[in-house]
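Residues or ranges marked as N-linked glycosylation site in Swiss-Prot (evidence: sequence analysis): Asn51, Asn81, Asn114. For Ser177, the entry in Swiss-Prot reads GPI-anchor amidated serine. What Swiss-Prot lists as signal peptide is 1-17.
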Amino acid sequence: MALLLLILESCSAGTYALNCKLTVKYRTLQGLCSVNGKTFLDFGDENHEGNATMLCPALYQSLTDISEVMWSLQSGNDALNVTTRSQYYQGEFIDGFWDINTDEQHSIYVYPLNKTWRESHSDNSSAMEQWKNKNLEKDIRNVLMVDFSCCLNKSSPHFREMPTLPTTAAHVDQPRSMACKSSPFDGLIMILLIYIL
């Protein structure tokens, strides 16, 4: 009965809010990601329980690559502060955005689902044109839609809805449905739940 309650609790959770606060410096990525307010991944502290390099190596590599691209696009040597906010339902990306703080007063918002860019101040359009980059947009989209989703599905039971098989890093051009495979037992569990209830 306890197992059934655990499965029911996991299934009803369904929607997850994943937020990250990252700091990008020259060849350095630091910060934390949380799911529904609980710390999930730690970028930079190798001894932390949520070490991103160990929990989600493909995600960590993707974010490291993106941070290097962002660093090359900025003018100056100030650290970039990046905030990501995204929502997932049963492991699938619903919506989200990246807020790239280019200096103390200006931010650029990237909405990868509808491929739009927006700036916090309209007087800073030259900065946005400098940042608007199709490869960066594609990489951000891939991280939100594939890498974060895979990491949520294969990580701690506190955050996933259903058991999943181990996943491999998804190729950028690979369809989302192929990126993370569900366990063949997912359907059986749902049938069992319906039968019991």
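Just so you know, the numbers here start at 1 and follow the chain as drawn.
Each residue, glycine too, has its Cβ placed from N, Cα and C.
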Sorry to bug you, but what's the C-alpha spacing from Asn114 (N-linked glycosylation site) to Asn81 (N-linked glycosylation site), rounded to the closest Å?
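Taking the Cα atoms only, Asn81 (N-linked glycosylation site) lies 23 Å from Asn114 (N-linked glycosylation site).
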Which of these glycosylation sites has the least crowded Cβ, counting other Cβ atoms within 10 Å: Asn81, Asn114?
Asn114
Three states by DSSP: which one describes Asn114 (N-linked glycosylation site)?
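It is coil.
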